[in-house]
Amino acid sequence: MAAPPVYRADQAFAPGNGLRWSPNSKRHTWHRLLAAALWAVPVGAVGEFIVWRNGGGPVAAAMWIVAVVLGVVLAGTVAELDRRSLGYAERAEDLIVMHGVFVKRLIVVPYGRMQFVDVTAGLLERWMGIATVRMHTAAAATDATIPGLPAAEAAHLRDRLAQKGEERSMGL
Amino acid sequence: MRFSEGTHRLHWATAPLRAFVFLIVYFVLLGFPLLLTQTDDGVRLELSAEVAVRFLLVTVPMTAIAVGSGLWAWLALRFRIDGDDLVVETGLLRKRRRSIPISRVQAIDLVRPLVTRVFALAEVRVELAGGEQSEIALRYLGRRSAQQLRAELLARAAGLPGHTPEAPERHLWRVPFGALLGSLVLRLPVLGAALLFFASLVFLVMYAEGGMLAVAVPVLLGLIRAVIAPMVMYANFTVATSPDGIRLRYGLLETRMQTLPPGRVQAVSIVEPMIWKAIGWARVEVTVAGYAGERQALSSTLLPVAPRHVALHLVSQVFPGTHIDAVPLLPASSKAVSVDRADGAGTDDVVFVSRHGWPCRRTDVIAHARAQSVRLTANPLQRLLGLATVHVDAPPGPVQVAASDRDLGEARAIVESTARRAQAARRAGGDPTHWAAR
């Protein structure tokens, strides 16, 4: 066997071999922002109600609103950072997925080890035309998830992965 | 008896046994209270005619129900071997048929609980990969026919004709009683708990301080759980190898015979607690894809205690073509900050080995051919130091293989080389089914 190529430290989370990370859709950030905003409405309303019941003035009410809005902005920022950190690449024998803002993860899933691939989309995701692709192996720790792909691309990716998995299937 | 011809039922004694168990539960919960009479000075056991009539009026229908349900359960289950499938049919009115490809069998267990030993019965448990519902339990078969069924299933899984006699086995190791007891006691948590127990007893006696019981009783229960329970469970532990895989036999009250066919062991871990290291003892734990949930905990021990060289020999039986001590381990980066210090990790063409831990040393081993996926992770602290951890994922179980705190560039090189070796090993090894016919 040939000597393994040596990686530079800053190349540890790069796809390697001249490949490039395929990103997911920008709509993924919007989806998470929208989800956060939808959560913010009841949270804001309940907070305002409690402030009003406890006799808080307009200052307290405004502070609560600012806090909720800041929360939404923070959620949106994290979502965008998270989206930028995500990438996947299909190689000859395996799929690699890179993900994570605080904890960086790179996962290599051989096609022959995939038990099944599923595509899920919630109500909001369906409306925005995005979907989540998830690869399952016999190991529960295999966390190869690509959220926020455009629906058509997700379906294509699933079909390609399923086909490659079929060709190389090995059992356990 | 040949299981491929005709349809078979469980042993007839299953019906009376079921009825008997039902009646015992009935008697304890309802029957015995019926015999008691409420009098002025409390509850008394009194056998008057009235009480006898009352008791019989409930007991006779209950007995009928018990016998009926026992018979029903016995009649309702039928099984046979049909070509490459084990077919299990349940139900009398509403029939349900389950057919299981024998090539998917991960392990076969023969369990003999204490009650069934009187009747020479045994339960056959067939483990399949995937999920909680993936075992077939046949309770109970006659002891001889249970062994025959196991032999036939294993022969067919190996790709041999079903009437092949059970493969001969070679005795490998027997855990002596003293060593098992010693190994259970000589662990730091157990010794610490024992010390605490005696200290609390001394306080209890010297100062007549009843409050110390609140310490002594839970500690005693914990000690029983940590020493007596494994003692009973793993008594008379013997390991043997055969062409059908590794055979384990153990248990004092409930005896178990496990068979792990070749290529079904996903990963093993050699555990050496601190005191054991001085004596030269080791324990071997194992991940088998079939066992899920509670069964995982019950059957994840390949060897409760043995001299280290025996444990290593067993591991090289499980993963042929390698010897764990011969795998060169590269030490982890010196920049690492961790209590659970990583000793190093290494690989050859067959297995990936990582060793870590202080004071209890674990050596985790996974065969490249069994690895599911490879992960590289770096948490914020590791990123600050320029380190990363490489995980080689196995199905859920006690063994997690991870080479922690490697330099970033090296870590990525490990990921790539492991992925390549896994691919080569899968190509060379092929499907682990029909191992004898290859």
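Heads up, the Cβ atoms here are built off N, Cα and C, so glycines get one too.
All TrEMBL annotations are machine predictions without curation.
The annotation domain 'YdbS-like PH' is assigned in TrEMBL to B:74-152 (among others). Helix first, then strand, then coil: DSSP counts for the domain 'YdbS-like PH' (B:74-152) stand at 21 helix, 41 strand, 17 coil.
Taken from TrEMBL, the feature domain 'YdbS-like PH' applies to B:234-298 (among others).
Residue counts for the domain 'YdbS-like PH' (B:352-415) by DSSP state, with H, G and I taken as helix and E and B as strand, are 17 helix, 32 strand, 15 coil. What TrEMBL records for B:352-415 (among others) is domain 'YdbS-like PH'.
Per TrEMBL, region 'Disordered' is recorded for B:419-438.
The transmembrane segment annotation in TrEMBL covers B:12-35 (among others).
The transmembrane segment annotation in TrEMBL covers B:55-77 (among others). Sequence-distant neighbours of the transmembrane segment (B:55-77) (same chain, 6+ residues past either end, Cβ-Cβ under 8 Å): 9-10, 12, 14-20, 22-23, 26, 30-31, 34-35, 88-92, 138.
Summarising the annotation, TrEMBL assigns transmembrane segment to B:184-207 (among others).
Annotation comment: TrEMBL describes B:213-237 (among others) as transmembrane segment.
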(message) Under 8 Å between C-beta atoms and at least six residues away from its ends: which parts of the chain pack against the transmembrane segment (B:12-35)?
(response) 45, 47, 51, 54-55, 58-59, 62-63, 65-67, 69-71, 73-74, 115-116, 119, 121, 139-140
(request) Using a Cβ cut-off of under 8 Å, list the residues of the same chain at least 6 residues beyond the transmembrane segment (B:213-237) that approach it. (result) 174-175, 177, 180-181, 184-185, 187, 189-190, 193-194, 196-197, 200-201, 204, 248-255, 301, 303-304
(request) Report the DSSP secondary-structure composition of the domain 'YdbS-like PH' (B:234-298) as helix, strand and coil residue counts. (result) 12 helix, 33 strand, 20 coil
